[in-house]
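**Q** The feature active site is assigned by Swiss-Prot to His153, Lys174, Arg258. Summarising the annotation, Swiss-Prot assigns active site, proton acceptor to Asp192. As annotated by Swiss-Prot, ATP binding site applies to Gly168, Lys169, Ser170, Gly171, Leu172, Gly173, Lys174, Ser175, with the evidence given as sequence analysis. The Mg(2+) binding site annotation in Swiss-Prot covers Ser175, Glu217 and is backed by sequence analysis. Per Swiss-Prot, the feature region 'Important for the catalytic mechanism of dephosphorylation' maps to 279-284.
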Amino acid sequence: MKFDQKGLKKQSMTVAYFFDNINNDLDIKLRRLNEVDEQKRRITDRDLHRPGLALAGFTNLFTYKRVQILGNTEMRFLNHLDDKTRKMAFENIVKYKVPCIIITSNNKLDPALLDMATEAGIPAFITRNSSTRTIFLITDFLVDRFSVYQQYHGSMVDVYGVGVMLVGKSGLGKSEVALDLVERGHRLVADDAVVINRKGEKTLIASGNHVIGHFMEIRGLGVVDVKAAFGIRAIREKKVVQVVVELMEWNEDMDYERLGLDTKTTKILGVEVPLIQLPINPGKNITVIIEVVALNYLLKQYSGYVAAEALEERIKTSIDDEAMMTTRFGSNYLTKDYE
C-alpha cells in the first residue's frame, strides 16, 4: 500500500469554535468580556503574539492575524499611561482585523478599551492563568488543530503499548485481525477509517473517524460496537503510529523477508515508519505474529536487541570456532599419530 496522498490542513477556524473547544479540551477557563459575533472572526495562524511593540506605536511588523495575548507587561504598560495616550496605544491594535484578544492573570482591562474592542468587533477573553501557561496550552491546541492530516483505509490497534497500523487490500481480514487482537486484551483505536495527524516533525498521531468511532464491520457478521461488547478497556482515542503491518495475498513469486536484517520503511505524511509485510496463507496465525512484531519493536527500542542480528552473530561465532578447531586438529595430526 502506498501512502502517497497529499496531507490536508485546516485553513482556519472561527473564534466561536476556538472558544468552545479550548474550554472543553483544556483547563484554561476562558471567560468572555464582551458580546460580539465570534463567527465573523477567524483564526488562521497557529502562533500567538504579544503586541508590546504595537502598543508602543511600532506596527510595521505587527502580526495582527494571530491571537493577541495581553499579559502583565502589556497591561502595566497600558495602565501607566494617561487616558488619552492609553486609548491611542490600544487603537494600534484594534484598528487591525485581530481574531481575538486574551488577557491573562485576571488583569483588568479599562472599560473604555473594552468598548473600543467591542466597537471594532474584536472578541475579548480573560483567564486566570499566567501568560506562560496560557501560551503553552493555546499553542498546543492550535498546533493540533492546524496540523497536517490524512485519512487512510486500515485498522489501528494498541498492541502491548505499540501503535500498530494494519493496512492492505479490502477483504484480507484487517478488521478480523484487529477484533482478534482486542479479544486478546489489546486496544482498538480505529477501524476502516484511520485519521493520522502529523504533530511536529516526526510524530504521527492516529485516531478514529468521529462518525464511525469504535464500531467495526465484520463481513458475515455485521456491525460490532467494540466499546459495548468488550468494555472501556478495549478502546483508546489516540495512539502514535509506530509500526505499519501490510497484509498481502500470498504470491510464491515474491521474495518475502525471512531473516529481518533488512528493515523496510514507508513514508506517511513525510515521516518514515517501519513497515512489515505479512503474506496471508492457510495456517498462519496473523494475530500472534502481530503481537511478536510489537514485542520485537519494544526489544529494539528499549534494549537495542534485534533477533536476526543476534542469530547472525551466533552463526559467525560458530563458524569461527569450527575453523579454529579444524586448524588445531590439523596441527596435532602432523605431530602425533592418532591412528
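Positions of Cβ are set from backbone N, Cα and C atoms, glycine also.
The shown structure was predicted, so the numbers you read here are calculated from the model rather than taken from an experiment.
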**Q** Using a 10 Å cut-off on Cβ-Cβ distances across all protein chains shown, tell me which of the recorded positions (Asp192, Glu217) has the largest neighbour count.
**A** Asp192
**Q** Between Gly168, Gly171, Gly173, which of the binding-site residues has its C-beta surrounded by the fewest other C-beta atoms within 10 Å?
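**A** It is Gly171 that, of the binding-site residues Gly168, Gly171, Gly173, has the fewest other Cβ atoms within 10 Å.
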**Q** Within 10 Å of Asp192 (active site, proton acceptor), Cα to Cα, which of the binding-site residues Lys169, Gly173, Glu217 are there?
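**A** For Asp192 (active site, proton acceptor), the binding-site residues whose Cα atoms are within 10 Å come to Glu217.
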**Q** Express the distance between the Cα positions of Gly168 (ATP binding site) and Lys174 (active site) as a whole number of Å.
**A** 7
**Q** Taking only the Cα atoms, work out how far Leu172 (ATP binding site) lies from Glu217 (Mg(2+) binding site), in Å, as a whole number.
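**A** That comes out at 13 Å between the alpha carbons.
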**Q** If the ATP site is taken as the center of the Cβ atoms of Gly168, Lys169, Ser170, Gly171, Leu172, Gly173, Lys174, Ser175, which further residues of that chain fall within 8 Å of it by their Cβ?
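**A** In sequence order, the nearby non-listed residues are Leu247.
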**Q** Could you say whether, by DSSP, Asp192 (active site, proton acceptor) belongs to a helix, a strand or a coil region?
**A** strand
**Q** Tell me, by DSSP, whether Gly171 (ATP binding site) is helix, strand or coil?
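**A** Once the DSSP labels are grouped into three classes, Gly171 (ATP binding site) ends up as coil.
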**Q** Could you state the CA-to-CA distance between His153 (active site) and Lys169 (ATP binding site) to the nearest Å?
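**A** It is 9 Å, counting Cα to Cα.
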**Q** For His153 (active site), which of the three DSSP-derived states applies: helix, strand, or coil?
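**A** For His153 (active site) - judged by DSSP and reduced to three states - the answer is strand.
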**Q** Rounded to a whole angstrom, what is the C-alpha distance between Gly171 (ATP binding site) and Glu217 (Mg(2+) binding site)?
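**A** Given the Cα positions, Gly171 (ATP binding site) is 11 Å from Glu217 (Mg(2+) binding site).
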**Q** At the level of the C-alpha atoms, what whole-angstrom distance separates Ser170 (ATP binding site) and Glu217 (Mg(2+) binding site)?
**A** 12
